[in-house]
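Per TrEMBL, the feature active site, proton donor maps to 75. Taken from TrEMBL, the feature active site covers 75. Per TrEMBL, active site, proton acceptor is recorded for 210. The annotation substrate binding site is assigned in TrEMBL to 15, 66, 76, 77, 150, 183, 201, 202, 211, 212.
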Ligand SMILES: N[C@@H](CCC[C@H](N)C(=O)O)C(=O)O
């Protein structure tokens with residue numbers, strides 16, 4: 001017996017996820033599917049799985065699973081892609097959309113050219129918590145914790161190219177100070193309100209970009225007096241603009257959303273074999 005699931009691979013500044021409309025294709029055990037489908041050699045290859053669904057509180061809902069199967073509260077880059085998905089696949093004709101996430105309701109403003117969503121601005125709400133970490137000799141730096149619904153640890157350094165992210169990323173992600181683990185960002189001020197950032201994501205490792213991580217970096221830069229309220233965050237896969245609005249206290253994130261391809265997963269339910277068919 002087979003089970004067919006249509007999916008769309010999308011990315012926001014290179015942060016790539018598999019998107020499934022669960023109103024048409026309900027997904028049982030999403031954490032397990034995220035692990036299986038995210039694998040590069042034996043699955044589709046992605047940073048994780050995003051489920052789009054209905055909500056009684058908002059226009060749509062979003063759930064995000066990292067490549068290791070853990071569920072996160074929020075995904076900045078993913079929320080922009082959900083905006084593009086629901087508009088371009090005809091699930092709505094609204095250009096202002098409310099999105100129900102585990103981190104509360106977010107408002108998406110779509111930037112539309114013709115029938116294409118070229119960029120999305122997300123009202124990410126206010127940062128929930130900030131704090132300093134002094135490593136007391138363990139590491140030669142000071143870090144700033146910022147919660148954007150999910151946890152981030154941002155460290156500013158003089159030269160980001162000197163950071164061995166594959167080594168220090170997992171070390172900090174799993175440091176005992178962070179019982180829920182943490183996302184890890186290293187950042188360098190490269191110009192006025194321009195910040196270069198690299199990220200090690202909790203549950204996914206090095207990714208090309210992280211939307212909530214970009215917000216956390218801009219917040220950390222502002223509170224440490226390193227940037228103003230509006231910063232461009234340049235990541236390995238692209239740039240997002242982050243603005244910390246003084247009146248509302250909300251963080252506004254504007255950036256790209258890109259479709260890569262549509263595909264169909266054909267699961268052989270009896271023997272658990274996975275076959276993926278793509279349509280470019
Ligand atoms: N890449 C995302 C964040 C995804 C979740 C994160 N790895 C976590 O576990 O908190 C983004 O764009 O925000």
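Positions of Cβ are set from backbone N, Cα and C atoms, glycine also.
Relative to residue 210 (active site, proton acceptor), the recorded positions with Cα atoms inside 10 Å are 75, 76, 201, the candidates having been 75, 76, 150, 201. The Cβ of residue 75 (active site, proton donor) has 29 neighbouring Cβ atoms from other residues within 10 Å, across all protein chains displayed. Long-range neighbours of residue 201 (substrate binding site) (same chain, six or more residues apart, CB within less than 8 Å of its CB): 47, 66, 183, 184, 207, 210, 213. In this structure the alpha carbons, written CA, of residue 211 (substrate binding site) and the residue listed as 'active site, proton donor' are 7 Å apart. Annotated pair residue 15 (substrate binding site) and the residue listed as 'active site, proton donor', C-alpha to C-alpha distance, rounded: 10 Å. Taking each Cβ in turn and tallying the other Cβ atoms within 10 Å, the top scorer among the binding-site residues 15, 150 is 15. Within its own chain, residue 76 (substrate binding site) has 12, 122, 124, 148, 210, 211, 212, 213, 214, 215, 240, 253 as residues 6 or more apart in sequence whose C-beta sits under 8 angstroms from its own.
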